[in-house]
Amino acid sequence: MSTGDLLSIEPQELQFPLELKKQISCSLQLSNKTDDYVAFKVKTTNPKKYCVRPNTGVVLPHSACDVIVTMQAQKEFPPDMQCKDKFLLQSALANPGATAKDITPEMFNKESGNHVEESKLRVSYVPPPQPPSPVREGSEEGSSPRASVSDNGTVHMSDYTAPASRAFVERAHVEPEDNSSEVSFYLYLSFSFVQQNNKLQQELEFLRREGNKSHGGIPFLYVIVVGVIGILLGYILKRT
């Protein structure tokens, strides 16, 4: 929660469970714990993408106001599932008894000597709720990964599956009940693989730097795991 002299804002990050061709909304709560009337105004770096209601208003003393932010339906997934959009919420003192009709741009002009508070809000995408799906009987989900290494150090991939990858591959072969469930199902997998792949890439870069320092190099098994995750990620994104 962001707490200023005029308004408290919850949350500080707008999270949208991204789904294609569907409008998605989330809310902000503005709380006024002062004895004054407080006017507010919401701005965004991408006004064509979002609808904010109300985008201006007055919060009465010791009361709260909800602001609904709606993201327009998206036709495709953003690169790396990242969002660079931002929001700016400005607040300023208003005259007693003021309403939204009394708000003017001049009230939020700092150069005029007005006391104006500003709060920046980030936007992020989160996976949609995972639809329920049965797991095939005889699945080895949850079992420990296995690997065999020969005397010469060769890793036999036929005996090894990445811990998270095995469960995802098995679930990917389960047919959802309808088309909408299938889209949400694969979207959930996409988010999961993107997050896991990014984490592994960071760890791989760290090991590369450490390996250069010690002249030891990166464990071959770890490189193979990253490769498997990358291949599975490409497969899932292609299906979505």
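Positions of Cβ are set from backbone N, Cα and C atoms, glycine also.
Annotation source TrEMBL lists compositional bias 'Polar residues' at 141-155. According to TrEMBL, the domain 'MSP' annotation covers 6-126. Look at TrEMBL and you will find 118-156 tagged as region 'Disordered'. As annotated by TrEMBL, transmembrane segment applies to 217-237.
Per-residue confidence over the domain 'MSP' (6-126) averages 95 (mean pLDDT, predicted model). Break the domain 'MSP' (6-126) down by DSSP state and the numbers are 13 helix, 64 strand, 44 coil.
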